[in-house]
């Protein structure tokens, strides 16, 4: 049974004098208090109130401002609007304009509303009938290109081609580029107000939008904010990934609206790169939605002319000229602060960054992602973590740094954190590693040459600990990281090497230690410091074979992430249809599950 913090009663119902008040005042009253007996929470700042009201109206949660009524709202309507936004965004549904809600409102996103926009005259929503193209062959062209971008015209066109191909690969739609002025899908890079009713707002905020199919002159047109720093395989892990945003917007252009499903490409918030354009596949629920509109693509039309795919990436002299950030580590020449299996995937943390491997050990990106952009709620000044693990009792993720720890539900920090590590009966000073051993379902914490055994189900430390390391013969007495993997084995990391202990065993498997960089992070022997000679196949006992590069995917000296780390897929790993590929989303708790807002939300 989950332990939940006690919660007071909700806000009291409004009395006659509160039933209708000007919205800013009502926000202060409704959002500054959590319960009738609780102490008032800090009142939102005036600029936050203004942001909240404008944002909720802009994206369909509240009617737009009406000067004839003074924009009056009831407390109930306002609380419902905030609750709906929180549910759609994967936050705890409190109905309160708290810090997490404001942070999500400030996250870059698509310009289109999440819900059918309300009006003052009609407060009941009626979901519009889905629109779709009544033809199968659609033309497209890039009418205007980004003006001050390191991405060349050919790269932009290539990214548009592959983003459209994501949809035509599974649905009976054929996209072809045209050079003339007439095209079904016109693509523009614009700034500020560009006369379509969806003005852009500078860097961040709204980054792009597209129009649904129909008979209007803008049907299918797709616009990107030219004030954004558009990137592709950026070396500094910053900017807006153009391919990821384009896939989302072209979903609108063929008729799909926003959804709250956790790993859908059609969630409204920007979540970062989605991987290699030549290998990216849509999450399952997005496939189902487009199949419902157009049916399943069975074969290529015999009358369709073959179109030569553009090359990716572009030559080196047309890539980003921005210097790489000095604090970004290289995966092939470092040890890691923490390693964890989360939702069946491997996360390697170093400094403010992390790398991610899917269930079948595909490296999502050769470049690391920023930790704070993925795990919402970690302090911005946090420059590293000590240990991370996923609790087996409730599948929440625990981060440790020094004397404090944080608990996350999916990508969002739980209320009330950070808390002291003394909650675990651990001494002050932090830990070196943490992992849950599959053999006994206990969590082990390591510090220097000591280890503790903890029961996450009862939230108590087992008696008799700490004990002297190591429990497993052959494992170093001091560790950097530890993790259990989907194959049932436990993996221990120190420096640039790792040790493998098979499920239920108390000693290291033969042939270890081996190179972490080579076997997990797709580094060659010449790249990984301290790498060792190849061993036999993992099925025979020692380690997995070295990672493999797809040789056809190295172009113009530019390393492309179509790579697989050493081991074959663990038993029961999902196939490519259900494996989550978006960099900034957690996969579902069970393979193939449609992880909807009612279950566990995170875009």
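Every residue gets a Cβ built from N, Cα and C, even glycine.
Sequence annotations record features per position, and here Swiss-Prot assigns Zn(2+) binding site to 110, 248, 252, 258. Of all the Cβ atoms in the protein chains shown, 22 others lie within 10 Å of the Cβ of residue 252 (Zn(2+) binding site). Following the DSSP three-state reduction, the secondary structure of residue 252 (Zn(2+) binding site) is helix.
Within 10 Å of the C-beta of residue 523 (disulfide bond) there are 25 other C-beta atoms, taking all protein chains into account. Taken from Swiss-Prot, the feature disulfide bond covers 332-523.
Annotated repeat 'Hemopexin 2' per Swiss-Prot: 382-427, in sequence order. When pLDDT values are averaged over the repeat 'Hemopexin 2' (382-427), the model yields 89.
According to Swiss-Prot, the feature repeat 'Hemopexin 3' maps to 428-475. DSSP places the residues of the repeat 'Hemopexin 3' (428-475) in helix, strand and coil in these numbers: 0 helix, 22 strand, 26 coil.
Per Swiss-Prot, the feature repeat 'Hemopexin 4' maps to 476-523.
According to Swiss-Prot, the signal peptide annotation covers 1-35, on the basis of sequence analysis.
In this structure, the recorded positions under consideration are 110, 332, and the one with the smallest number of other Cβ atoms within 10 Å of its Cβ is 332. Other residues of the chain with a Cβ within 8 Å of the Cβ centroid of 110, 248, 252, 258, the Zn(2+) site, are 112, 209, 210, 249, 251, 256, 257, 266, 268. Listed in sequence order, 88, 110, 112, 113, 114, 266, 267, 268 are the same-chain residues at least 6 apart in sequence whose CB falls under 8 Å from the CB of residue 258 (Zn(2+) binding site). Here residue 248 (Zn(2+) binding site) comes close to 110, 208, 265, 266: these same-chain residues lie at least six apart in sequence, with C-beta atoms under 8 angstroms from its C-beta. Counting residues of the repeat 'Hemopexin 2' (382-427) by DSSP class, helix then strand then coil, yields 4 helix, 19 strand, 23 coil. Per-class residue totals from DSSP over the repeat 'Hemopexin 4' (476-523), listed helix then strand then coil: 5 helix, 17 strand, 26 coil.
Straight-line distance linking the Cα atoms of residue 332 (disulfide bond) and residue 252 (Zn(2+) binding site), rounded to a whole number, equals 39 Å. Separating the Cα atoms of residue 252 (Zn(2+) binding site) and residue 523 (disulfide bond) is a whole-number distance of 38 Å.
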